[in-house]
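A.B. asks: This is the structure I want to talk about, given as structure tokens.
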Amino acid sequence: MASTTVAQLAGELNRSAAALLEQLQAAGVQKATPEDVITESDKTRLLDYLKRAHGSAEDGARKKITLTKRETSEIRQADATGKTRTVQVEVRKKRVLMKRDEAGAAPAEAEAPAPVTAPVVDVEEVARREEEQRRQAELLARQEAELKARQEAMEREEAERRARQEAAEAEQRRQAELAAKKAEEEAAAARAAAEASDEAPRRKAEEDAARLASEREAAQKAAEEARAAADKIKAEEDGARKRREAAEAEARAIREMMNAPARVLKTPAERKAEEKKAEQSGTLHKPVKAAGEARPAPAAKKAAAPAAAPAATPAGDKKGGRGGKPGGWQDDARGNKRGGLKTRGDTGGGVDGWRGSKGGRNRHGDDNRNAFQAPTEPVVREVHVPETISVAELAHKMAVKAAEVIKQMMKLGQMVTINQVLDQETAMIVVEEMGHQAVAAKLDDPEALLVEGVQEQQNVEAEARPPVVTVMGHVDHGKTSLLDYIRRAKVAAGEAGGITQHIGAYHVETPRGVITFLDTPGHEAFTAMRARGAKATDIVILVVAADDGVMPQTKEAIAHAKAAGVPIVVAINKIDKPEANPDRVKQELVSESVIPEEYGGDSPFVPVSAKTGQGIENLLENVLLQAEVLELKAPINAAAKGLVVEAQLDKGKGPIATVLVQSGTLKRGDVVLAGTAYGRVRAMLDENGKPAKEAGPSIPVEIQGLSEVPGAGEEVIVLPDERKAREIALFRQGKFRDVKLARQQAAKLETMLEQMSEGEVKTLPLIIKADVQGSQEALVHALNKLSTGEVRVQVVHGAVGGISESDVNLATASKAVIIGFNTRADAGARKLAEHQGIDIRYYNIIYDAVDEVKAAMSGMLSPEKKEETTGLVEVRQVFHVPKVGAVAGCMVLDGVVKRSSLVRVLRENVVIFSGELESLKRFKDDVKEVKQGFECGLSIKNFNDVKEGDQLEIYEITEVARTL
């Protein structure tokens, strides 16, 4: 027969060889490695061990049989309406027959040969009973051990107490003996001294006597203290004796409990049957009697208030009804003869009575006798109000109900709900009105983490950086052309309409250093762009055309530069033109507080020509000179910080932001945060579109990889990890949304009555999509300025990127016109717009977009009605015609009278009636018009009080189209 190894047996059993080796060791089979051979005897020993460990095969034999019996019957039952219906009743009975142990059954048969029916008990019930008996045995063993330990502790305590008592008694006896001996010695010495010297002064004798008396008192006091100590020891002995007796009583109770017969456990079915029987044996009117004697009344069981229970009514007293039964219901203690409310026990109106005291269910009577009384003075709380807060949260902070806050808001003229969000200003007004102190609170702002990075950058050594120069000026004054000459590029030639509509960032390397230029638009709509350019700049080049002079946007650029506190270098452009007048430009700039250096000011004036290049070198030299004076420095080896100059959405690349690095070094792979946008820099391009690995201070770059298009002008910060950037971005989004909603709600509530009083204002809904963020902002701003009291521009949605199907769907829902500025709609959007009839307009010059929207708004204006006098008629004679009324015979003094004209009746140059002509005749013929110098007959509708000498003024009302 082939031999079997440990590893082979383990494979057959689907177990690991290590586990099988452990089981073999436990079974007493010594095997060390998986290659050892196992014999049949080893397998038998292992099998016996496993049977002993997990139960033998005999345990698996069938020991019980379950019999299930099902009976179906019908009963007739009346329902709530009184109708009788048949109900099917199914009774299921389950019996479990257990196989008895043969070894234990033989003696039972010998003792009791008669067949005895064993109770049928479920196996689970048997197991539960055994478990309960085991727990009781463990509890008794534990209690006996605790009792034994307590007895030993008490015996030790008793021995220690006896030792202490004996020591105290010995000490007491010794002290008493010493005191008595000392007193006798001193008394003997005193007597000897008195006998030896009779001449000693009496005073000394008295002192000795007093001293002896004090010593005697001290001895007496010591004896009393000894007695007190003995009494204390005796009291401790009594306490120990009482504790010992209590422990013995407890032990005796435990022994009695152990010797008592075990309580027979009953199955759940038996317990339910007994409970049902007990419920049926007694009712509310028929109390239960057991073994011929009545059950005691529930009121008698309460020992807490025995005096409250009324006296039992005698059995023969008929006034008490069934008073012969102690557990029965009794009449009221006052003895209501007419059979009033039957009560049981105490009917007093006390706190503990089941009736309760006088005052109904809301009584508080004596319960609040010692309750805390709230202070009557108002509590003034310091309420910290965040930027946005709901009405419920504000009420919670003031510890008042939300209804009180809503009432206060209604008094202030605002209808709010409990979940409505209030802005900080409104909430602080409400808090002050309700008598509390409002404090503007700072939120748990995760942006506080950014302060640490700023402090770290301050510790880094700063190095010199290139200047950032912004070119500003009026439209068509040659800003971009000037930059083109400096950069040796031709940007202006490719711009739509010959005007700049984007903010551009470039850096130029000159022999004296690097200069970064920001080119801003000059059109009035691009105010926000110019403000951003002034914010990020160090020096402003103000370009003024020598033939045009100072214009509105020139003044605005001066204001931006002064607000930013940056120096101005004036470039007087187009000096090559014959009509150039630089002196007039200087005088106009002096009136705007821009003083040239030659007049004692601090602004250098440089005449230049972007066409010929005249003065360009002098301009750059002045710019670099100003930069040296400013001593521009920034840390280089630090996390980058910058400004979003422009942002756009590319269909393939996603959000793209033009960032001007202000400090530190921006590298590819950095995690950046810009407003509510965040992300890792996936790609970085310079202004020429070439990839760049890093960008230092004052260098503009385009970055890709942001989560969304950031707002132009947002600050860009490099953070250590993306998780923190996401947390801050989400916090800013929620904060921006809450503040925006709160302000919109406040604006709606404030303007609701105004809108109702003004009537319906016509609106022109628009959806604006632009190529870059700045253009979109400028277009929205320019179009909103066109709104009037009658026609209003409503920008439903403004965003960056191409026109998509979602934009067309939004336009369909809001009935809006889509404007695409330097962007186009995709194929799906064009098809959907054609199907829905949505108008999509494309523009690449901001003038054209503004002019067309202005024309559309003019068409929406209601036409103006204009009155024009066409003739004057004098009444010469009046004829009264039956069924027609008064007919006036008239002479046309001036103009023409038409059949469809309106008429005013003038009597002594006072208008007495205005109406229209009913008929116009010349002789007997109806005519359409009568010219000057001819007579005619006419009648006026609904007016017969025409007199000779009246004058009739003939006029017409024409509608004239209005324009904005």
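Cβ atoms are placed via backbone N, Cα and C, with glycine included.
Checked Swiss-Prot, it gives:
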type	residues	note
REGION	150-372	region 'Disordered'
COMPBIAS	150-185	compositional bias 'Basic and acidic residues'
COMPBIAS	199-255	compositional bias 'Basic and acidic residues'
COMPBIAS	268-279	compositional bias 'Basic and acidic residues'
DOMAIN	464-633	domain 'tr-type G'
BINDING	473-480, 519-523, 573-576	GTP binding site
REGION	573-576	region 'G4'
A.B. asks: May I ask for the residues of the chain that lie six or more residues beyond the region 'G4' (573-576) and have a Cβ under 8 Å from a Cβ within it?
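C.D. replies: Counting only partners 6 or more residues beyond its ends, the region 'G4' (573-576) has Cβ contacts under 8 Å with 477-478, 481-482, 543-548, 582, 607-612, 614-615.
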A.B. asks: Using DSSP, what's the helix, strand and coil tally for the region 'G4' (573-576)?
C.D. replies: 0 helix, 1 strand, 3 coil
A.B. asks: Taking residues 6+ outside the compositional bias 'Basic and acidic residues' (150-185), which of them lie with a CB under 8 Å of any CB in it?
C.D. replies: 212, 215-216, 218-219, 222-223, 226, 229-230, 233, 236-237, 240, 243-244, 247, 251
A.B. asks: So for Thr520 (GTP binding site), how many other CB atoms are inside 10 Å of its CB?
C.D. replies: 29
A.B. asks: Does DSSP put Thr520 (GTP binding site) in a helix, in a strand, or in coil?
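C.D. replies: The three-state answer is coil.
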A.B. asks: Among all protein chains shown, how many Cβ atoms are found within 10 Å of the Cβ of Ile575 (GTP binding site), not counting that one?
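C.D. replies: Looking across every protein chain shown, the total is 21.
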A.B. asks: Quick one: what's DSSP say for Gly473 (GTP binding site), helix, strand or coil?
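C.D. replies: The residue in question, Gly473 (GTP binding site), is strand (DSSP, three-state).
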A.B. asks: Could you pull the average pLDDT for the region 'G4' (573-576)?
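C.D. replies: Averaged over the region 'G4' (573-576), per-residue pLDDT gives 87.
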